[in-house]
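Visitor: Pasting the feature list from Swiss-Prot:
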- Arg51, Pro52, Ile53, Ser54, Val68, Tyr69, Arg70, Gly75, Thr76: FAD binding site (BINDING)
- Cys220, Cys225, Cys228, Cys244: [2Fe-2S] cluster binding site (BINDING)
- 2-100: domain 'FAD-binding FR-type' (DOMAIN)
Amino acid sequence: MILIEDLTVVSQREIAPRIFEMVLKGEMVADMQLGQFVHLKVPDPSKLLRRPISISEIDYNKKEATIVYRVEREGTAILSKMVAGQTIDTMGPQGNGFDISIIEAGQKALLVGGGIGVPPLVETAKQLKAKGVEVVSVIGFANKNAVILEDKLRACGDVYVTTDDGSYGIKGYVSTVIDNFDWTPDAVYSCGAPGMLKYVDSKFENHPHAYVSMEARMACGMGACYACVVHVKGETDAKNLRVCEEGPVFPTGKVIV
């Protein structure tokens, strides 16, 4: 069920240049699932459209959820100035999220993230670990300064970090690491830039439990405006799915990334 609630800002901090981590508190948290997102209304009357931001962590006991976002334009810049005690008009939780019911204790999951696509993998990793699943994360960034959330993922399993320029971790891309694995994961969960998702979609196209979480510009966020559609593969007629409703998570091989 999609709700609208004024969530309270518990804390906010900059964890990397232009990347902020905000903790929100409210009753809505009880309905949140890993891989979903919230739609935030910027506290400025001139900003009409909400901002979709993925949920990074969920603490059901405290009724707190953590989001991580990058300051891109004026709207997110305004969000970055919010402080503890302020409230923000929030619609959510939205989207289908990651399905971890298909993997069992003792099996192995591969998490693949790039840049600001890494945050939703944190709660996924935590819940997989709690389930007894072996978690391996491969995360890619432009450079050392852009690396985020490595410590939280490392608390859940092995982590490989790549940077485009080699300033931290392994020089290259997530594919540089994954293509050298001599094992096949029982499930794959990914979120990141289109180029990275194209790689995951191709690499694991025929995998029965591989998923890509897609980003898209949204307007209404409720499936009515069709501003966030993606195209279904193999359809002769134009068939679209909405990232905000049928997504943001899709099985590999399902949609054109």
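Each residue, glycine too, has its Cβ placed from N, Cα and C.
Tell me about the setting of these features in this model.
Guide: Around Thr76 (FAD binding site), the same-chain residues six or more apart in sequence whose CB sits under 8 Å from its CB are Arg51, Tyr69, Arg70, listed in sequence order. Thr76 (FAD binding site) carries a helical DSSP state (H, G or I).
Here the domain 'FAD-binding FR-type' (2-100) is broken down by DSSP into helix, strand and coil counts: 11 helix, 49 strand, 39 coil.
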Visitor: Which entry in the list of binding-site residues, Arg51, Arg70, has its Cβ near the fewest other Cβ atoms, using 10 Å as the limit?
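Guide: Each of the binding-site residues Arg51, Arg70 was scored by Cβ atoms within 10 Å; lowest is Arg70.
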Visitor: Can you give me the same-chain residues 6 or more apart in sequence from Val68 (FAD binding site) with a CB-CB distance under 8 Å?
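Guide: Ile15, Ile19, Phe20, Glu21, Met22, Ile53, Ser54, Ser56, Ile116, Val118, Pro119, Ile148, Leu149 - these are the non-local Cβ neighbours of Val68 (FAD binding site), listed in sequence order.
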Visitor: Quick one: average pLDDT across the domain 'FAD-binding FR-type' (2-100), no decimals.
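Guide: That region's mean pLDDT is 96.
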Visitor: DSSP secondary structure for Cys225 ([2Fe-2S] cluster binding site), reduced to helix/strand/coil, please.
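Guide: For Cys225 ([2Fe-2S] cluster binding site) - judged by DSSP and reduced to three states - the answer is coil.
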Visitor: Ile53 (FAD binding site) has how many other Cβ neighbours within 10 Å of its own Cβ?
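Guide: Result for Ile53 (FAD binding site): 23 other Cβ atoms within 10 Å.
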